[in-house]
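Working notes, structure below.
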Amino acid sequence: MARSPVEPPASQPAKRAAWLRAELERANYAYYVLDQPDLPDAEYDRLFVELQRIEAEHPDLVTPDSPTQRVGGEAASGFTPVVHDKPMLSLNNGFADEDVIAFDKRVADGLDKATDLAGTVTEPVEYACELKFDGLAISLRYENGRFVQASTRGDGTTGEDVTENIRTIRAIPLTLKGKRIPRMLDVRGEVLMFKRDFARLNERQRAAGQREFANPRNAAAGSLRQLDSKITASRPLSFFAYGIGVLDGADMPDTHSGLLDWYETLGLPVNRERAVVRGAAGLLAFFHSVGERRESLPYDIDGVVYKVNRRDEQDRLGFVSRAPRFALAHKFPAQEALTKLIAIDVQVGRTGAITPVARLEPVFVGGATVTNATLHNEDEVRRKDIRIGDTVIVRRAGDVIPEVVSAVLDRRPADAQEFVMPTECPECGSRIERLPDEAIARCTGGLFCPAQRKQALWHFAQRRALDIDGLGEKIIDQLVEQNLVRTPADLFNLGFSTLVALDRFAEKSARNLIDSLEKAKHTTLARFIYALGIRHVGESTAKDLAKHFGSLDPIMDAPIDALLEVNDVGPIVAESIHQFFAEEHNRTVIEQLRARGKVTWPEGPPAPRAPQGVLAGKTVVLTGTLPTLTREAAKEMLEAAGAKVAGSVSKKTDYVVAGADAGSKLAKAEELGIPVLDEAGMHTLLEGHAR
């Protein structure tokens with residue numbers, strides 16, 4: 001069913017109402033029949049409320065098939081239709097506290113509750129409060145305690161027979177227990193999928209190379225409406241009972257809360273997040289209490305439901321065409337909404353990560369007005385095919401950063417533009433590079449880039465780097481925010497008067513920091529390399545670089561092939577080092593540190609190259625405890641024979657030498673089929689007898 005291409009203006013109520021009916025019906029079909037919802041709940045609700053308003057103002061425009069007159073959806077062709085003995089109606093929605101107060105007032109008026117002169121209800125109504133699950137509504141029919149049929153809500157009057165699929169859900173009893181077993185019981189409830197089960201299902205889908213589900217609701221609906229019940233049986237579905245259709249052969253409980261208590265005695269699963277309250281104040285207290293805990297709940301909910309608790313009062317209030325007067329669904333602020341994507345900029349993180357950010361037309365979602373949303377990385381933009389000018393679905397849940405979920409493709413304008421990742425950092429002009437096998441592109445101006453400045457300074461001052469005692473994060477924040485320090489070289493120009501002027505920085509602290517800076521000028525090459533904050537270069541690699549090259553300039557000028565000769569330096573690390581020193585801004589800061597900052601370290605000749613022995617070009621990994629050799633002695637023997645001794649096992653490893661208590665490295669070698677030697681085998685290898 002195609003989306004209506006032209007949206008008539010509100011000034012033409014007849015055309016507007018017809019368009020709204022068609023659009024809502026199309027959305028209902030996608031939601032209920034195809035299980036492919038393409039309209040966020042908030043947008044559907046907005047269109048529905050608008051249609052209600054037009055029909056209220058123009059009663060002659062109401063049609064029998066209007067979405068306002070029924071629930072929506074129709075039986076899928078693959079399932080047998082089931083006519084409900086009692087309609088499965090939807091609920092009226094409330095979105096603001098005022099809607100709840102108005103609902104309570106209507107109920108009190110309908111029940112002739114006492115009020116004071118100001119119209120305030122003095123005899124509060126008793127309500128049962130429960131959660132509004134984001135799943136699929138189901139009717140379960142039991143005859144003499146035995147489960148005989150299950151059906152979906154469908155259009156509220158006619159649903160789909162899903163009996164065989166429901167039988168596979170372990171939470172649903174096939175036989176009721178207890179003493180008060182009715183001749184016939186029609187249980188209403190919700191099939192859903194818990195968050196943890198949803199995550200595990202998608203893991204299985206990924207492993208099998210199958211399509212992942214967008215959310216738990218889609219997963220539950222798609223699982224339940226399988227023509228092959230074996231597929232449903234493999235899916236982790238759950239169920240909660242919350243209502244009743246027809247009852248025969250037993251007394252109806254006097255209250256809704258009593259009904260749910262009775263269900264528990266019958267062995268039906270009932271959610272415990274419920275309460276009985278009085279008046280609008282009690283309703284709102286329950287709503288806000290649940291809202292505070294919403295993200296920590298093990299399942300998705302999109303609101304709470306209020307029902308007049310007493311059954312006789314429910315009967316007095318009755319129904320309107322599509323919903324009971326005695327109940328209200330109080331929805332949380334929508335977590336998804338539609339808006340237009342105006343532009344895509346890039347943001348530079350503290351570690352240089354380049355993140356595409358969507359600039360949006362303001363939209364209220366998740367309880368806040370959103371104008372920006374993350375697009376994560378370039379690959380995600382391509383995968384989702386998101387373009388500038390698109391109408392997009394934006395999601396914001398709790399404190400999670402807003403994200404663009406998808407583009408609405410049939411609303412894409414002809415002039416929509418594809419995103420192009422910039423080649424230069426917007427903050428400092430340095431090159432943007434993306435290493436092989438990494439999703440994140442990064443600015444290469446680590447020592448120079450303003451966006452990375454605080455992180456670079458903090459790392460530079462670490463104990464394992466230049467060990468500048470007294471230069472903590474709060475001091476760095478002040479120095480950067482007051483533009484006193486732009487690069488690590490500027491640290492060595494700080495004077496006493498500058499430091500004592502900082503907030504909460506006493507004279508003694510200033511003198512101590514100046515002393516620490518003076519001491520930091522005398523360091524080692526390995527510490528200095530580590531202090532530069534080169535991506536993938538830790539302490540161990542910094543030491544290996546210093547030992548291999550002996551001085552800084554050869555490292556700065558080394559081609560990738562030369563870097564690959566360093567112990568434990570692979571292609572990714574070599575590429576990262578090469579890119580760092582290829583960036584002119586970084587080289588400038590290093591020269592400032594050596595000249596203006598006068599940071600020095602002892603330098604020496606490069607390490608002697610290993611002779612071209614029997615193991616030239618081979619990579620060996622040591623693991624466990626050898627009988628007669630220390631790890632260091634074995635390493636020296638192997639390197640003397642031309643081998644590269646690596647710290648981890650990979651497909652490029654030629655041999656693993658294993659001693660006692662060898663652990664995961666040995667297991668990895670066996671998994672990859674790499675030859676494993678003991679100490680005697682290593683000696684044989686060194687003698688040139690093994691190939």
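Every residue gets a Cβ built from N, Cα and C, even glycine.
Note that the structure is a prediction, hence the values are computed from the model and not measured.
Look at Swiss-Prot and you will find Asp41, Ala42, Glu43, Tyr44, Asp45, Ser90, Leu91, Glu130, Arg153, Glu190, Lys307, Lys331 tagged as NAD(+) binding site. With a cut-off of 8 Å between CB atoms and residues at least 6 apart in sequence, the same chain places Asn93, Phe95, Lys331, Ala334 near Asp45 (NAD(+) binding site), listed in sequence order. According to DSSP, Asp45 (NAD(+) binding site) is assigned to a helical segment.
The active site, N6-AMP-lysine intermediate annotation in Swiss-Prot covers Lys132 and rests on sequence analysis. Neighbour count (other Cβ atoms within 10 Å of the Cβ, all protein chains): 20 for Lys132 (active site, N6-AMP-lysine intermediate). Secondary structure from DSSP puts Lys132 (active site, N6-AMP-lysine intermediate) in a beta strand.
Cβ neighbours of Cys443 (Zn(2+) binding site) (same chain, under 8 Å, six or more residues apart in sequence): Val348, Gly352, Ile354, Cys425, Glu427, Cys428, Ser430, Arg431, Ile432, Cys449, Ala451, Gln452. Annotated Zn(2+) binding site per Swiss-Prot: Cys425, Cys428, Cys443, Cys449, in sequence order, evidence recorded as sequence analysis.
The domain 'BRCT' feature in Swiss-Prot is assigned to 610-691.
Residues Asp41, Ala42, Glu43, Tyr44, Asp45, Ser90, Leu91, Glu130, Arg153, Glu190, Lys307, Lys331 are recorded as binding NAD(+); their most distant pair of Cα atoms lies 26 Å apart. Of all Cβ atoms in the protein chains displayed, 19 besides its own lie within 10 Å of the Cβ of Glu43 (NAD(+) binding site).
Within 10 Å of the C-beta atom of Cys449 (Zn(2+) binding site) sit 25 other C-beta atoms, taking all shown protein chains into account.
For the domain 'BRCT' (610-691), the number of residues in each DSSP class (helix H, G, I; strand E, B; coil) is 27 helix, 16 strand, 39 coil. Within 10 Å of the C-beta of Cys425 (Zn(2+) binding site) we count 26 further C-beta atoms, all protein chains included. For the pair formed by Leu91 (NAD(+) binding site) and Lys132 (active site, N6-AMP-lysine intermediate), distance between Cα atoms is given as 11 Å, rounded to the nearest Å.
Those same-chain residues not listed among Cys425, Cys428, Cys443, Cys449 yet with C-beta within 8 angstroms of the centroid of the Zn(2+) site C-beta atoms are Val348, Gly352, Pro426, Glu427, Gly429, Ser430, Ile432, Thr444, Gly445, Phe448, Pro450, Ala451, Gln452, His585.
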